[in-house]
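Asker: Okay, here's the structure, questions in a sec.
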Amino acid sequence: MATTSMPLNKIDPRQRAWVEVSPDAIKANTLAIRSLLDEQCLLMAVVKADGYGHGSETVAEAALAGGATNLGVATLQEALELRKAGIVCPILVLGNLINPEDLDACIHWDLMPTLSSAREALLCNQIAESHDKEFCVHIKVDTGMTRLGCDLRLASELIQLVDNLKNLSLRGIYSHLALADVEANGQANSFTSKQKEKFETLLSSVMPRGKPLYRHLANSAGTLRDKGLHFDMVRVGLALYGYSPLKDLRNNFSLQPALAVRAKVTLLRDVPSDTGVSYGHTFITQRPSRLAVVGIGYADGISRALSGKMSVLIDGKFYPQVGSITMDQLVIDITESPQIQIGSVVTLLGVDGDSAITPYDWSEISGSIPWEILCSFKYRLPRVVI
């Protein structure tokens, strides 16, 4: 029978592995991004995917304290979690909502849906009529991403429809950049420039029907690279968390990483030369070695693709990870450092002393991208706000 003598909230979340999150860094990053914008240009903090793995409520509060005015999420559930946490600022649901019940929840909780079609507009108006309320919406237009958004050829017609529906209030028109993070700075005739031109052409054609409150196009890359992409509002995700998506301009901005992943050494092993390590024995010791087992694995978000290629930090010094990363554990070679003990803190991502490991490092090893890496840390890793 389970004992209840120790309250769960008394258990140290750092007993095995955890994620550290710095709201101060998020606030500082928001202020740094805010300084790049004209005074009248607003900043939407994109906090989808649980704030890119940092904790959406923590990120939202820090970003709003740093000058963000709006929040962007991908799903209705993400928006509802923020509302239930007491966050009252404008929230845009960036993903498509196709069920009447979802749109009903949107109007009840004062959330703004994204419209990509006439069907969605008519459904929103019908729901708003049933509540005898005005429904604030944004229209998304596809200028080259070929994902969500109204076909550009139908955009004027959709905007006119929304303008004519008495229970809808058009609060924004937006699009999304497809290549802003990969095109060279200042590249002539870039695809980003073409997207901007298409967006501006559309806006100029619909202005007689009334300018929407927000026109927005720029993501983090567009925000950092080109002021001409800012319009009335920018949508910032990755940069909010301390990372520039622009490889050629990575060090040009005062951004602070807001997250670290740490774990503890759980066992020490002294093994002879020619000892196979972990599944498949992909690593064989070439000398008598001291190995440390670390309590974190791919079920926590440490990709198996990093096996035998990554390093970790202990007290500011790098140590190689060896053998296959397993579901719950990985192994590092600490032969040169006998002072490491069970319980020593291992930094897998983040700053330790004068050294650091970044999502860029992991992405270059694994073929992933920083966005995916930050979103990969699972529920088993408690978030510790520092």
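Every residue, even glycine, has its Cβ placed from backbone N, Cα and C.
Annotated active site, proton acceptor per Swiss-Prot: Lys48, Tyr279, in sequence order. The annotation substrate binding site is assigned in Swiss-Prot to Arg147, Met327 on the grounds of sequence analysis. Per Swiss-Prot, the feature N6-(pyridoxal phosphate)lysine maps to Lys48; the stated evidence is sequence analysis.
I'd like these features described in context: how deep, what's nearby, how far apart.
Answerer: Reduced to three states, the DSSP call for Lys48 (active site, proton acceptor) is helix. Counted within 10 Å of its Cβ, the other Cβ atoms near Lys48 (active site, proton acceptor) come to 19, all protein chains included.
The secondary structure of Tyr279 (active site, proton acceptor), as reduced to three states from DSSP, is helical. Neighbours of Tyr279 (active site, proton acceptor), defined as other CB atoms within 10 A of its CB across all chains, total 13.
Within the same chain, the residues at least 6 positions away from Met327 (substrate binding site) whose Cβ sits under 8 Å from its Cβ are Gly297, Tyr298, Ala299, listed in sequence order.
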Asker: What's the number of neighbouring CB atoms sitting within 10 A of the CB on Arg147 (substrate binding site)?
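Answerer: Result for Arg147 (substrate binding site): 10 other Cβ atoms within 10 Å.
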Asker: For Arg147 (substrate binding site), which of the three DSSP-derived states applies: helix, strand, or coil?
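Answerer: The three-state answer is coil.
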Asker: What's the CA to CA span in angstrom from Arg147 (substrate binding site) over to Lys48 (active site, proton acceptor)?
Answerer: 17
